Amino acid sequence: MDRAVSQVALENDEREAKNTWRLIFRIAILLLTVVTLATSVASLVYSMGASTPSDLVGIPTRISRAEEKITSALGSNQDVVDRIYKQVALESPLALLNTETTIMNAITSLSYQINGAANNSGWGAPIHDPDFIGGIGKELIVDNASDVTSFYPSAFQEHLNFIPAPTTGSGCTRIPSFDMSATHYCYTHNVILSGCRDHSHSHQYLALGVLRTTATGRIFFSTLRSISLDDTQNRKSCSVSATPLGCDMLCSKVTETEEEDYNSAVPTLMAHGRLGFDGQYHEKDLDVTTLFEDWVANYPGVGGGSFIDGRVWFSVYGGLKPNSPSDTVQEGKYVIYKRYNDTCPDEQDYQIRMAKSSYKPGRFGGKRIQQAILSIKVSTSLGEDPVLTVPPNTVTLMGAEGRILTVGTSHFLYQRGSSYFSPALLYPMTVSNKTATLHSPYTFNAFTRPGSIPCQASARCPNSCVTGVYTDPYPLIFYRNHTLRGVFGTMLDSEQARLNPASAVFDSTSRSRITRVSSSSTKAAYTTSTCFKVVKTNKTYCLSIAEISNTLFGEFRIVPLLVEILKNDGVREARSG
């Protein structure tokens, strides 16, 4: 029995000893494994130069820097993609469209001529040099961000003078009119042999030409056809327009002074003429007794016309017959435009009374002086289908000289500041069914004209007067949505006298640095401006045709002043009045 127990106890002791050694072996193996792993990790860390915990603090910063580098690289690539997209999707199609437009204009012009060949309308439609394709009649500067007055005119550039000057001391050249289409330009002025105040006889110079560039890249206006209309007709206040058939011109024919004309009972004779590409001039008198039956005096606006939708559009103005239907419909209508940051101190009722009286100045016998727009169908038959639009005086000021302009798809009417409002005005104009509609104007507070008191350059209140001078602005700078931002023009920088012609770029309140013709005592009168671009060089130029005093040969010499439009960081010069 005891032996059996001893045998069992011995077996238990042996089993426990085996278990103990197994445990020791397992622990030893586990420790060895841990040591080996630790050694391996340490070796790996050492070999890779890994950071210690204290180094890990800078990891987020390094990650941010790496992210910035990646973002910058992606942004740079995006700029390249954007430029490629702009070139492929925007600029190239636009250039092709401009080329197509010019070609279509030339084809249209040729089509008109072919259709009128039997009527001897002329052949050989001219066209500007290719450098100007897409740079005429377009929105030349499209810029949403830059200060308008950071654009400014260069010094006047020497170029070929395409305008004849007086050749005697008593000669007078006055009243320039200019218009340029995508294919050619038209120019006209009045010539009086015995001083600028003679109303009994004058002749009219009319020319057609194109823009050229010389071998050295200089611009010149090349006259291809011209004529001097020296006959028994006394054409006055002529406006010219470049159309597909040549140079269309609207003139009044007068034999009396302006005051006498307004005191007469019948409308003023008017004629629609054309200088064709063959150099021949033809003319037709309009039926003014029907077209202007409510008028006692009627004149073209002097400024250029515009070819729109198969018709030529001219600004006209004059006096209405008292109590005629056209006069009655305007009774009580008026508009008051205000100066920028310079409010009229007069009582509102008094301002309204003076504004109403401004349409009937005493100089013209109390007649209502009205603004209007005349459109004529362009065909081989002159004077065809004339339509007169008389805008309401709730939009326009007293009737005055003016100009119709087309830039891009926008049309404008410039109205001379003959009444109390001195800053330049450009009315947006829409056309439909042969008639025009004018809208509230853009005003350019620093682009003023001199005038007699109480309608001088700094005037701010409605008054009755006939004063000022013709100095039109040309739409130059636009927003991308085609809204007008700024204009170019040559103003007479004087309070009352016609002195000190100066060119500048203007926004609604101020002007750029200026380029003066000469000293502040230089006498001048009418100016008309047109801008265009040399697409090859992407340079924008503006032409101001200005009447400048000429003491040796005639009272005035008409000079084409050419500037390039430059850009800097902006030099603003506000008019203080």
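Every residue gets a Cβ built from N, Cα and C, even glycine.
As recorded in Swiss-Prot:
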| type | residues | note |
| --- | --- | --- |
| DISULFID | Cys172-Cys196 | disulfide bond |
| DISULFID | Cys186-Cys247 | disulfide bond |
| DISULFID | Cys238-Cys251 | disulfide bond |
| DISULFID | Cys344-Cys461 | disulfide bond |
| DISULFID | Cys455-Cys465 | disulfide bond |
| DISULFID | Cys531-Cys542 | disulfide bond |
| CARBOHYD | Asn119 | N-linked glycosylation site |
| CARBOHYD | Asn144 | N-linked glycosylation site |
| CARBOHYD | Asn341 | N-linked glycosylation site |
| CARBOHYD | Asn433 | N-linked glycosylation site |
| CARBOHYD | Asn481 | N-linked glycosylation site |
| CARBOHYD | Asn538 | N-linked glycosylation site |
| REGION | 124-152 | region 'Important for interaction with fusion/F protein' |
| REGION | 234-239 | region 'Involved in neuraminidase activity' |
| TOPO_DOM | 1-22 | topological domain 'Intravirion' |
| TOPO_DOM | 46-571 | topological domain 'Virion surface' |
| TRANSMEM | 23-45 | transmembrane segment |
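Where Swiss-Prot records a feature, it is marked here on the structure.
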residue	record	DSSP class
Asn144	N-linked glycosylation site	coil
Cys172	disulfide bond	strand
Cys186	disulfide bond	strand
Cys196	disulfide bond	coil
Cys247	disulfide bond	strand
Cys455	disulfide bond	coil
Asn481	N-linked glycosylation site	coil
Asn538	N-linked glycosylation site	coil
Are there any residues in the same chain, six or more apart in sequence, whose C-beta is under 8 angstroms from the C-beta of Cys251 (disulfide bond), and if so which?
Gln204, Arg235, Lys236, Ser237, Cys238, Ser239, Met270, Ala271, Gly273, Pro300
Name the one residue among Asn144, Cys172, Asn341, Cys465 whose Cα is closest in three-dimensional space to that of Cys531 (disulfide bond); these are the recorded positions.
Asn144
On average, what pLDDT score does this prediction assign to the topological domain 'Virion surface' (46-571)?
90
If one measures from the C-alpha of Asn481 (N-linked glycosylation site) to the C-alpha of Asn144 (N-linked glycosylation site), what distance in angstrom results, rounded to a whole number?
9
Sort out the residues at least 6 away from either end of the region 'Involved in neuraminidase activity' (234-239), same chain, that have Cβ-Cβ distances under 8 Å to it, and list them.
175, 177, 188, 190, 199-204, 249-255, 271, 299-305, 314-315, 401, 403
Any idea what the Cα distance is from Cys455 (disulfide bond) over to Cys461 (disulfide bond), rounded to a whole Å?
8
Within 10 Å of the Cβ of Cys238 (disulfide bond), how many other Cβ atoms can you find? Include all protein chains, please.
25
What are the DSSP helix, strand and coil residue counts for the region 'Involved in neuraminidase activity' (234-239)?
0 helix, 5 strand, 1 coil
DSSP three-state assignment for Cys461 (disulfide bond):
coil
Taking only the recorded positions Asn341, Cys344, Cys465, which one has a CA atom nearest to the CA atom of Cys186 (disulfide bond)?
Cys465
Cα distance, Cys465 (disulfide bond) to Cys542 (disulfide bond), nearest Å?
32
